[in-house]
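First comes the structure, then the notes that go with it.
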């Protein structure tokens with residue numbers, strides 16, 4: 001693997017920047033830095049501004065938890081997020097983030113689950129229209145491309161939380177007279193507002209209603225250890241981007257076509273590891289901040305190099321999104337269909353359809369979602385075959401067939417070689 005990555009580094013050593021995807025990088029390294037991954041750049045920009053505000057948010061939260069009830073805590077969560085949104089996105093951007101969950105709360109207040117789902121799916125299409133760069137929405141707000149990207153990203157996350165709140169609130173267990181205030185506090189919770197991870201509504205409500213636990217040395221040491229760990233991976237990832245340009249090369253088709261097989265393997269591995277590192281830092285830092293505030297949040301992704309089943313990739317990478325899909329789409333659909341096999345297939349199809357619509361209605365996302373769906377289906381078929389009583393005979397016959405086929409091909413290759 002080291003040899004493959006070195007081959008890839010040799011390619012990047014002479015890489016020419018065509019689309020201005022680089023900056024000068026760290027001066028002591030003397031190399032360009034790949035800056036073409038927008039989400040990573042947004043995170044670095046936000047972290048410098050957001051984390052100090054989150055510490056103020058946590059400090060006041062602890063005071064409120066000691067002396068007052070959970071509803072005052074919800075009001076503080078809303079206020080702290082509104083102040084930061086006003087500071088960062090301006091008045092109109094802040095109003096958009098407040099009006100979205102309010103509007104969805106009103107129009108789905110007395111809806112059934114099926115009607116609510118139709119409304120939420122239609123609203124996702126509205127968000128994708130608002131995402132259009134330099135469109136009417138951005139012109140009306142009068143904001144930069146960066147702030148427009150952040151605002152629409154926040155709206156996508158708020159929409160997932162609105163669905164979670166809506167589905168959980170239909171159950172009597174999570175309905176109350178203070179439901180709307182809790183929803184706003186949940187949708188606008190500052191540590192997870194911009195980049196996740198996704199916390200389900202019932203988990204958020206259970207967290208804010210649990211008995212207060214004072215900060216102690218063990219809790220603070222755990223928090224600091226994890227924070228240092230994620231800072232290390234952030235620095236490592238930045239260093240990595242000075243040598244392996246995994247994001248910029250995606251836009252250079254001619255360079256990709258000239259790579260040999262080993263270099264392509266190295267590129268694929270490095271792209272996966274960068275994607276992992278990015279979300280380990282983003283989700284890990286945000287989850288760690290939630291831990292300090294006693295809010296139950298999904299942990300960082302599992303290393304993809306240790307994952308062997310494709311279903312585990314979904315289960316252990318974005319754990320919050322996985323729980324969302326299972327709780328609100330997969331299980332209800334599967335249980336509503338009498339034929340178990342068809343129910344599992346159709347439920348999986350709807351899960352990946354939702355993922356496709358939420359991430360963005362684009363051809364590359366469609367292909368990605370489709371290949372994921374096919375991979376899950378193939379794995380499920382293989383698992384079903386493996387559970388049957390005749391599996392050992394089938395595997396034995398298949399291996400014998402492969403051995404015979406290989407020996408026949410080798411013999412044919414030797415005969416053709418002798419004739420030459």
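The backbone N, Cα and C atoms fix where each Cβ goes, and this holds for glycine too.
TrEMBL: automatically predicted annotations, no manual curation.
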(request) Using TrEMBL as the reference, determine which range in 374-393, 394-413 is annotated transmembrane segment. (result) 394-413
(request) Scan 130-147, 148-165, 166-183, 184-201 against TrEMBL and say which stretch is down as transmembrane segment. (result) 184-201
(message) Checking feature assignment: transmembrane segment per TrEMBL, candidates 102-126, 252-276. Which range matches?
(response) 102-126
(request) Give residue numbers and ranges for long-range contacts of the transmembrane segment (184-201): same chain, 6 or more residues beyond its ends, CB-CB under 8 A. (result) 39, 42-43, 46, 50, 53-54, 57, 73-75, 77-78, 80-82, 84-85, 97-98, 101-102, 150, 153-154, 157-158, 160-162, 164-165, 167-169, 174, 208, 282-283, 286-287, 289-290, 293, 295-298, 318-321, 323-324, 327
(request) Find the member of 40-60, 72-90, 102-126, 394-413 that has more C-beta pairs under 8 Å to the transmembrane segment (342-359) than any other listed stretch. (result) 102-126
(request) Please figure out which one of 72-90, 102-126, 394-413 racks up the most CB pairs under 8 Å against the transmembrane segment (40-60). (result) 72-90
